[in-house]
Amino acid sequence: VGFKAGVKDYKLTYYTPDYETKDTDILAAFRVTPQPGVPPEEAGAAVAAESSTGTWTTVWTDGLTSLDRYKGRCYHIEPVAGEENQYIAYVAYPLDLFEEGSVTNMFTSIVGNVFGFKALRALRLEDLRIPPAYSKTFQGPPHGIQVERDKLNKYGRPLLGCTIKPKLGLSAKNYGRAVYECLRGGLDFTKDDENVNSQPFMRWRDRFVFCAEAIYKAQAETGEIKGHYLNATAGTCEEMIKRAVFARELGVPIVMHDYLTGGFTANTSLAHYCRDNGLLLHIHRAMHAVIDRQKNHGMHFRVLAKALRLSGGDHVHAGTVVGKLEGEREITLGFVDLLRDDYVEKDRSRGIYFTQDWVSLPGVLPVASGGIHVWHMPALTEIFGDDSVLQFGGGTLGHPWGNAPGAVANRVALEACVQARNEGRDLAREGNEIIREASKWSPELAAACEVWKEIKFEFEAMDTL
C-alpha cells in the first residue's frame, strides 16, 4: 500500500521544538488547559494540527501535498506560572495557509474548530504576531490618527465624546436635540449607542437627518468641526452600505459599526467604503466580553484589537482602566499601544507575547468609555495621552443642569488637565486639585464635581498588574 493508515499521536508530526520561526509566519500564543492524562506536548501539537492541516487520522491524500510546507507547528511550550495544568503553547503557521486581506479566513483557521476539541479542557488565544507580509495585504483603518486630526483640525489633546442616552426609546427629533446640546457645549463627538440601528420608535434615516441638522447648527455656533457617530450596523451588508452612502450624502464626517456582531467581512467592506468616500469609522466592540472575559478560554481582547486594525476602523473602544467596565492598567495600555503605534516590543508584563511591527498601517484611536466622569479626567489624560477619545455618556447627560452644561464641564476639565500637564504638573498626584481649581471659574464644572464627588477615584491602586 502507498501509505500507512491508522491513528498516530499529533506530537509526532506537529510538535517541533527545533523549528526556527520565519519572518513570514503568523505566530500564535495559546493558553492550553489539557484534559487529565493528556501531556502538554500532545495538547499543543493537537492545537497546531487542528488549526492547520491536520485531522484525527492519517489520510491517503496527505501524500498528494507537502505537510512540511503547509502544517502549523507547535514550537515551544511553557507552563503558566501560578496555574495548575495550564501551558502557553506557541504555534507557527505558514503564510500560505491564509487568504490575503481576510481577517475572516485567518480566524476561521486559527480559532475555528480547534476550540471545541475534546482533548482540551479549555483554550485561549492570548496573542498573534501578524507578519508585515500578511498585514500588507490589508487596507487597515480608513484614515488613521494623523489624518483624522487634520480632518477635524484638533490637535494636542484627547477628543471628547458622549453616547446619547437613554439608548433606546427617544424619537429622532428629540435624539437630534440631545446631540445638538452636547456638541454646542464643547464636545467633539456624540455617539449612537451600539444597539441603536433602525427600530420602530426611530428609523435610521430620520435619525441621520436630525443628527446632521444638529451637527451643522453646532458647527455654525462654535466654529469647530463636530461629528456624530451614525451607526450603520444593519441586518445585511447591503443595508449597511446603504446607510453609509446616505451619511456621505448628508456630508457628515463619521459613521459607526459594531464590528463583532456585524462580522469581519461586513466591517472590512465598510472600512473600504469609508476610505474611498472620506468617512471616518468609529468601531464599537459589543459582544467582546463573550469572547474575551474568561481567563482560560476564548480570545484576549488584544487579538480582537489587532484584528480590527487589519480589518479597519479609526476608533475602537478599549476599556477605561478607571470606570465601570473591566480593564487592568498595564494590560490595557499594552493593547492601546498595539492599536496606535507602528512598532511594539514584546513585553510579557503587559501581556504582549510577540514584537509586532505594523510597518506603515495607520493607527486606531482607543476610546475610553463607560462609567467615567469629570473626576476621572486627570487619570484618563495621564493614562491614555493625547491620542485617544474620552467618552462620557452619563458623565455628560447626567449633569444637573442638562446636556450643554454637562459638555462644558467635561471640556473645561479636559482643557485644565492638558494645560496642567503641559506646565509639567503631575496629574496622578495633583489631579483632584487641578479639577478643583478649574471649577472655581466654571460653575458648570463645579456643579458636575458636586454631583459625582462621592464616586471616589483612587489613582494609585490601579497601578498593579
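Residue 1 is the first one shown; counting continues down the chain.
Glycine too: its Cβ is placed from the backbone N, Cα and C atoms.
Keep in mind that what you see is a predicted model, and the values were worked out from it rather than measured.
Straight from Swiss-Prot, the features:
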ACT_SITE  LYS165  active site, proton acceptor
ACT_SITE  HIS284  active site, proton acceptor
BINDING   LYS191, ASP193, GLU194  Mg(2+) binding site
MOD_RES   LYS4  N6,N6,N6-trimethyllysine
SITE      LYS324  site 'Transition state stabilizer'
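Neighbours of LYS191 (Mg(2+) binding site), defined as other CB atoms within 10 A of its CB across all chains, total 28. For the recorded site, LYS191 (Mg(2+) binding site), the DSSP three-state label reads strand.
Under DSSP, HIS284 (active site, proton acceptor) is assigned to a strand (E or B) in the three-state scheme. Neighbours of the Mg(2+) site: apart from LYS191, ASP193, GLU194, residues of the same chain with C-beta atoms within 8 angstroms of the site's C-beta centroid are THR163, ILE164, LYS167, ASP192, ASN195, VAL196, TYR229, ASN231, MET256, HIS284. In this structure the C-alpha atoms belonging to ASP193 (Mg(2+) binding site) and HIS284 (active site, proton acceptor) are separated by 9 Å.
The recorded positions recorded for this entry are LYS165, LYS191, HIS284, and the Cα of HIS284 lies nearest to that of LYS4 (N6,N6,N6-trimethyllysine). Within its own chain, LYS165 (active site, proton acceptor) has ASP193, GLY393, GLY394, LEU397 as residues 6 or more apart in sequence whose C-beta sits under 8 angstroms from its own. Each of the binding-site residues ASP193, GLU194 was scored by the number of other CB atoms within 10 Å of its CB, and the largest score is that of GLU194. For the recorded positions listed here (LYS4, HIS284), the lowest count of other CB atoms within 10 A around the CB belongs to LYS4. For the pair LYS191 (Mg(2+) binding site) and HIS284 (active site, proton acceptor), the Cα-Cα distance reads 10 Å. Between the C-alpha atoms of GLU194 (Mg(2+) binding site) and HIS284 (active site, proton acceptor), the distance comes to 7 Å.
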